[in-house]
């Protein structure tokens, strides 16, 4: 609407059901009682009583920590992990005489690991703090004592302040609307940040304050507002305002919520009633559910297993030590004379062998702590953060049109993306664009519109008879692209109606009334561009915008809405010229889910009273007049055809009213909408139902919610990857089924198991109205249908099935005694579609699949109604689409289009799962290799508690010498390239089957570590035990043996990494060989330090190891001997027993990746057969052809 016109705009008659003037009734009797005790002194926040109330400030904080709580809370978070508690205990014990190493060498690694994690937490919380600061420091105009409005920060607002919010600004707190730029004190509010809805809500101030139109009006304004206490209910509010000794009721219609946006209104004035964390949006802000990946949960079990192993070997060693200590001194003879059992401390006292054994147990628990990888958790967190960065930076998942990249909002679940077993998807806005296009219509029994929908094309393919040639197909796409770029929401092609040709049609009068109804019956708001003069529309839904645009393009342009009228530029059939006609707007009967229709009552220029109505066919046909039009049956046929084509339909009808009938209705309707009693809604619906009768049919509309680009191909790839796909939608069954065919979720020949309560028996009971009988019969019917479906599945091993269930049936299928049967039926089907599902049902179905299958579930949606489903699933993926950001804000990963799910799962998910799995297995391998050499040396030294290595060798092994190559593995390793990940989706099944992190694979790596430790220890001992090492013929000392063994361990575990890596990068080379180089640099640097610090490492490399050829020969021999078993095993396994990724690697190596026949052979090695998708359809067709050929060829 033009700005100049807006100043005259009154909407007194535009009020919907929720927009009536309230009066005092029972709802307001609670004010002042418990839960309704809030008192606000409007425009007087400095009043003494107001100050004493001590309400919350308007500053909000979403941070996890404060300056005071960061250290204690962060430390608490770190020491919730049992491994960290264990390391803390051993660090504390290192200060005692029991410690086999120095305290500093034990504490430093723990400080590094805990400190790194705390730094990460601090950075993440600092980012949240920056976001809070940006919000808290936004500016808004607030009324000062002199009546002037000056800008101030949001955080400085107080309860009772009067603020002025201007167009397209966010409300800084919860406000009571006092007045607006419109004389009627209405405003339009967008609540996308609250509920995800992009449609505009109409709010209206109380009559008592509607005249406060200027800043100066508030100089002497004061009022007292009494209302409910802070609560989380977004849609309810009870309060009253005392102004000049008069009481005025307040309702949700006067409440403006924080984080809502002012739209289509120049400014509003409001009184602050709730601030900061008292606002409703903050009351609704709950911490997202804590999600931990299955690998992380399994990791805890492995840590417990290793701790148990440490306790076991410590116990065994202590027993042997106790026995040896007891026998050390027999008849004055000393066995271990070097321990001086005749003159020793309690640790080696033969007379106190039991106590010595207990003390040795504590020493062993400290010594064997190196079995537990101290840097594992922090390394995993670093890797996951970097994996999330790679997801965010992937240009292949960037949507240029909306300028939105993929965004991993949490890094905790990256590997879970590679293990998804079931996807539960919303339909509208997720599989489809949620961008409606007017494509067809039926007027007076004649179908108009030549467009072909994607679903019609899919249906034609199902029938084997394409309805358009390839050339026509290309032309259609080009025309569609041109139309879409030129006119959003309009893709109608029919020369009979376009360009004014409708005047030549036989039923031109009906066509005129049809499009006039579309131009008038709506709640759209026109916006006129001041520069171009073009009119655009703000609509409550994409459907409504498409109708108004269609009317405009066919000669009926809605151009202006005033306080009592709607103006339309119409084509005059007689003169052929555009004329402006004005319709006096009397009432709007708004659309809602129970009414399923919308109507307006207007008076035309001839004085006729017209009721114009549009709604769902299920409610409109039953409201037609008894002397029905002759084209009613034809219209029903067209509506069914449109529904079969996946189009959303509405039926249009009208009737003329007489004055007496309207007067009676208006009186009853006005009384109903101004009531605030409990039965207010029922009264309004009764009044509307009274007038919406005996309608005259005009026709029906059909709009298309197009599939998003690449959806069928994406679903096909996901199905090939072994992922089951469920669609949970609010659409009716016919539309959902046809969308399923269009996106290849369903295919011809797939048997459909349909569970519905739309049976004559149930319908008859519903008419009778006996609720108990309906519930009992409905449940019995659902159980019967489920059992029949299970029998059908069990009787066939070759057929594939699809389960389709409606919302009513789903209510009973999710009951405790039925849900397990329902889940078993659903698991046996290739695809599942739940129609007419409520948001709660979506969440309950997701929970059922997650808990019932114990497999990873992924939910994907784009609207506020999908939030419960996203939070309930193991992984929630939000589509940043047209329904706001509520789903994105509740998700774990955000993407712009459904098709990006293919790359997110098949490439990044597969890689992340493989990397994390390999990384954890390798971590335990290298720690067991290192720790077991400690155990064997202690056994060799009669369990005396003597460590094989220098203190700092022990401490820095995990932190520096071997940790960086593991991180590089977790960040950069690839088994195959992205192209092959997408070409062979079956690779993903390795994650679904969890073959890379099974107990078998994990124990195999541990066994490899045990073999390596035994090899290293015995080769080193055997080589040096009786061999002269020094010039004087002496054998090696303890310090040389320890440094040599540690050198072998560092070499072996790093070379083992080099053998394990599937994709080398420069960084991996630097980290692997740099880790070995760092070991030698450390020996040089540490060995040069004074012996009081370096102890056994003093000059050990320069003077002892480096000059000795035996050291270098032994190191080379041990490395080769240790790695030969693994190399041999890997070669045999890859060549003769290849895993799926090994097969693809061989294919690439042999250059057969582009051989279609060979690729098909590899594809058929899939673990799980594909039952849905384009490929499944082609496979089925191939099987049918093969079967026919087999039967046609006579046997010899």
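In case you wondered, yes, glycine gets a Cβ from its N, Cα and C as well.
Where the annotation comes from TrEMBL, it is an automatic prediction and has not been curated.
Residues or ranges marked as active site, 4-aspartylphosphate intermediate in TrEMBL: 426. Summarising the annotation, TrEMBL assigns Mg(2+) binding site to 426, 428, 862, 866. If you look up TrEMBL, you'll see 426, 427, 428, 544, 591, 614, 648, 729, 730, 731, 836, 842, 865, 866 marked as ATP binding site. Taken from TrEMBL, the feature domain 'P-type ATPase N-terminal' covers 40-103. According to TrEMBL, the domain 'P-type ATPase C-terminal' annotation covers 888-1138. Summarising the annotation, TrEMBL assigns transmembrane segment to 82-100, 106-123, 302-324, 353-378, 923-940, 952-972, 1005-1028, 1040-1063, 1070-1089, 1109-1129.
Residue 866 (Mg(2+) binding site) is 22 Å away from residue 591 (ATP binding site) when you measure Cα to Cα. Remark: secondary structure over the domain 'P-type ATPase N-terminal' (40-103) totals 28 helix, 3 strand, 33 coil, with classes taken from DSSP. Comparing 82-100, 106-123, 1040-1063 for CB pairs under 8 angstroms to the transmembrane segment (302-324), the maximum falls on 82-100.
For the transmembrane segment (923-940), the residues of the chain that approach it from at least six positions outside its boundaries are 302, 306, 313, 317, 320, 364, 367-368, 370-373, 376, 379, 946-949, 957-958, 962, 966, 1002, 1005-1006, 1008-1010, 1012-1014, 1016-1017, 1021, 1045, 1049, 1052-1053, 1056, judged by C-beta separation under 8 angstroms.
Nearest in space to residue 730 (ATP binding site), taking C-alpha to C-alpha distance over the recorded positions 426, 862, 866, is 426. Packing around residue 862 (Mg(2+) binding site) is summarised by its Cβ count: 30 other Cβ atoms lie within 10 angstroms of its Cβ, all protein chains included. Beyond its flanks by at least six residues, the transmembrane segment (1040-1063) meets 918, 922, 925-926, 929-930, 933, 937, 947-950, 953, 957, 961-962, 965-966, 969, 972-975, 1012, 1016-1017, 1019-1021, 1024, 1029, 1072-1073, 1075-1076, 1079, 1083, 1096-1097, 1100-1101, 1104-1105, 1111, 1114-1115, 1118-1119, 1122-1123, 1126-1127, 1130, 1145 of its own chain at Cβ-Cβ distances under 8 Å. With a cut-off of 8 Å between Cβ atoms, the residues of this chain six or more beyond the transmembrane segment (952-972) that come close are 101, 105-106, 108-109, 112-113, 370, 373-375, 379-380, 382-383, 386-387, 390, 915-916, 918-919, 922-923, 926-927, 930, 1042-1043, 1046, 1049-1050, 1053-1054, 1057, 1060-1061, 1063, 1065, 1067-1068, 1071-1072, 1074-1075, 1078-1079, 1082, 1086, 1097. Mean model confidence for the domain 'P-type ATPase N-terminal' (40-103) is a pLDDT of 84. Under 8 Å, Cβ to Cβ, and six or more positions away along its own chain, residue 866 (Mg(2+) binding site) finds 426, 430, 839, 842, 859, 878, 887. Within 10 Å of the C-beta of residue 730 (ATP binding site) we count 20 further C-beta atoms, all protein chains included. It is 17 Å from the Cα atom of residue 836 (ATP binding site) to that of residue 862 (Mg(2+) binding site). Residue with the densest Cβ environment among the recorded positions 426, 648, 865: 426, by other Cβ atoms within 10 Å.
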